Structure formats: structure tokens, C-alpha cells
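J.: Here TrEMBL flags 27-86 as DNA-binding region. The domain 'Homeobox' annotation in TrEMBL covers 25-85.
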Amino acid sequence: GLELSHCMGANSLGPAVSWRSGGPCKMKRVRTVFKPEQLERLEQEFLKQQYMVGTERVDLAATLHLTETQVKVWFQNRRIKWRKQSMEQKAAKLSQFGVIQPATADSTDIKDHEEDTVDVEL
């Protein structure tokens with residue numbers, strides 16, 4: 001399951017407060033902290049293939065003692081980082097030759113791959 005923490009005010013002894021605007025206090029998911037060995041293996045797998053699905057994802061999650069969702073979301077986030085790095089490298093190469101990229105290229109590229117940012121249980 002997901003680790004959850006109860007939202008609190010600025011001082012941990014204070015009353016519970018809403019961590020989002022409006023409504024009663026909600027439970028907030030604690031960010032997963034990956035071990036260096038897990039990150040190394042995830043990066044190795046990403047170099048082989050940018051999409052991890054089906055039994056491969058289940059097996060990798062079990063091997064790393066992670067949930068399938070944690071592996072899935074890590075791959076989604078890593079693809080976004082990879083695309084951003086690729087766009088930055090292209091921009092750097094173009095700027096060497098004095099070519100100016102249109103300002104909307106970044107936002108269009110990200111919108112084309114928006115499905116990667118959706119976190120839906122399968």
C-alpha cells in the first residue's frame with residue numbers, strides 16, 4: 001500500500017490543517033525514496049527500453065521490492081526527464097549554428113506526450 005502521513009500545520013504539535021485549498025484535512029502520500037541500488041537497476045532497464053509493461057514490470061518491481069505502481073510512475077517520470085534533456089540538447093546544437101527555435105516548441109512537445117503524466121492504476 002501507499003504510505004500516508006496526516007497533514008499538519010507548520011508546527012507538528014498544532015492542529016491538522018488542509019494541505020490543499022478548501023475542504024477538511026486530507027491524507028498526503030509520502031514521496032517514495034529509492035535506494036541507490038534500485039535507482040541503478042531502474043536506470044539500466046531504462047537504457048534498454050523506455051517503456052516497461054506487463055510481466056516485465058511486475059518482475060522488476062518484485063526484484064527491487066517495489067510496487068508495480070512505483071515502477072510504472074518512475075518510468076513515466078524518467079521518460080519526461082529524457083525528453084526534456086533531448087530537447088535541451090537539440091536547442092544547444094541549434095544555438096551553436098545560430099538557429100533560433102520557436103518559443104512554443106517546448107510546450108507543444110510536452111503536450112504531445114501528456115499521457116505519460118497520468119497515474120492510473122491498471
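Cβ coordinates come from backbone N, Cα and C, glycine included.
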J.: Count the residues of the DNA-binding region (27-86) that DSSP assigns to helix (H, G, I), to strand (E, B) and to coil, and report the three numbers in that order.
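T.: Helix, strand and coil residues of the DNA-binding region (27-86) number 43 helix, 3 strand, 14 coil.
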J.: Can you give the mean pLDDT for the domain 'Homeobox' (25-85), rounded to a whole number?
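T.: When the pLDDT values over the domain 'Homeobox' (25-85) are averaged, the result is 94.
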